[in-house]
Amino acid sequence: MRPLQIVPSRLISQLYCGLKPPASTRNQICLKMARPSSSMADFRKLFAKAKHIVIMSGAGVSAESGVPTFRGAGGYWRKWQAQDLATPLAFAHNPSRVWEFYHYRREVMGSKEPNAGHRAIAECETRLGKQGRRVVVITQNIDELHRKAGTKNLLEIHGSLFKTRCTSCGVVAENYKSPICPALSGKGAPEPGTQDASIPIEKLPRCEEAGCGGLLRPHVVWFGENLDPAILEEVDRELAHCDLCLVVGTSSVVYPAAMFAPQVAARGVPVAEFNTETTPATNRFRFHFQGPCGTTLPEALARHENETVS
């Protein structure tokens with residue numbers, strides 16, 4: 001991967017539209033800045049005045065709700081990590097296995113609820129909206145927990161577990177069926193010794209559009225695929241107009257999303273990172289608050305005594 005470059009917002013969708021897996025640390029080149037502040041009081045002063053807040057969220061937010069991340073040493077489904085299965089090639093080679101993986105993830109979400117971090121974001125959006133201020137969430141997560149918490153201004157740049165896309169006619173549809181098809185009932189167990197179900201392709205989820213019946217796939221962005229240009233245009237607009245940015249629970253290593261916050265910081269907008277650890281981008285930002293997002297976000301986004309009302 002080439003060195004990180006700062007580009008005008010209008011060029012992001014042209015240069016960094018393909019989802020790429022994490023690069024090695026030595027290939028992540030970040031400009032060094034002063035150590036970020038951890039002063040909540042200073043952050044809160046900026047928060048009280050901000051008119052247009054962008055919150056970018058990643059897997060770390062949902063991990064606190066018990067959602068598997070499929071990353072790191074223990075992040076396996078059977079013997080595979082997400083980047084082994086979340087590819088067009090994997091689906092073409094073994095659609096049954098890929099559907100088992102996503103069926104498991106869909107079923108797991110039935111028992112998961114938004115945590116304090118999700119709720120703090122949703123409450124902040126509602127409260128500030130009544131003051132004529134804008135809060136928008138740009139999330140890499142596909143679990144819909146932000147939506148479940150009540151977030152309205154939401155850009156799900158990597159898609160959703162609960163949407164499907166037909167590989168024949170291209171129709172995208174919401175799908176909350178459990179199981180998504182009879183053949184997947186009871187399938188998808190994550191334990192390493194579990195054998196593939198090897199479901200015949202004709203019994204996998206099929207399109208219900210009249211006269212189609214094509215094979216459905218999860219409506220998520222897989223590694224090697226481009227993000228939706230229309231969504232990227234919306235992202236560009238939000239990044240160009242925001243006056244405060246929060247980066248919440250994201251590792252800042254999956255592109256193109258890893259590019260967004262550094263680009264905002266490069267034009268002088270305060271960026272605050274909320275994470276359980278530092279990331280390759282930490283020193284690009286004004287603030288860094290270390291700890292669980294469910295602990296740090298409620299304090300950061302609570303009503304401020306000096307909140308400006310339009």
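Cβ atoms are placed via backbone N, Cα and C, with glycine included.
Per Swiss-Prot, these features apply:
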- 1-36: transit peptide (TRANSIT)
- 37-307: domain 'Deacetylase sirtuin-type' (DOMAIN)
- 58-77, 140-143, 249-251, 275-277, Cys293: NAD(+) binding site (BINDING)
- Tyr102, Arg105: substrate binding site (BINDING)
- His158: active site, proton acceptor (ACT_SITE)
- Cys166, Cys169, Cys207, Cys212: Zn(2+) binding site (BINDING)
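Structure with Swiss-Prot features highlighted.
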residue : record                 : DSSP (3 states)
Gly58   : NAD(+) binding site    : coil
Tyr102  : substrate binding site : helix
Cys166  : Zn(2+) binding site    : strand
Cys207  : Zn(2+) binding site    : coil
Cys212  : Zn(2+) binding site    : coil
Gly249  : NAD(+) binding site    : coil
Thr276  : NAD(+) binding site    : coil
Please compare the binding-site residues Ser62, Gln140, Thr276 by how many other CB atoms fall within 10 Å of each one's CB, and tell me which has the fewest. Thr276
Inter-residue Cα distance where the pair is Arg105 (substrate binding site) and Phe70 (NAD(+) binding site), in Å: 10
Fewest-neighbour residue among binding-site residues, criterion Cβ within 10 Å, set Gly58, Gly66, Gly249: Gly66
Taking the centroid of the Cβ atoms of Cys166, Cys169, Cys207, Cys212 (Zn(2+) site), which other same-chain residues have Cβ within 8 Å of it? Thr167, Ser168, Gly170, Val171, Glu208, Glu209, Gly213, Gly214, Leu216
Just going by other Cβ atoms within 10 Å, which of the binding-site residues Phe70, Tyr102 has the emptiest spot? Phe70
For the C-alpha pair, I'd like the distance in angstrom between Arg105 (substrate binding site) and Gly66 (NAD(+) binding site), rounded off. 12
Length of the line joining the Cα atoms of Cys207 (Zn(2+) binding site) and Tyr102 (substrate binding site), in Å: 17
Candidate binding-site residues Cys166, Cys212, Thr276, pick with smallest Cα gap to His158 (active site, proton acceptor): Cys166
For the C-alpha pair, I'd like the distance in angstrom between Gly249 (NAD(+) binding site) and Tyr102 (substrate binding site), rounded off. 22
Pop the mean pLDDT for the domain 'Deacetylase sirtuin-type' (37-307) in here, whole number is fine. 96
Using Thr276 (NAD(+) binding site) as the reference point, find which of the binding-site residues Tyr102, Cys166, Cys169, Cys212 has the shortest Cα-to-Cα distance to it. Tyr102
From the Cα of Gly58 (NAD(+) binding site) across to the Cα of Tyr102 (substrate binding site), what is the distance in angstrom? 18
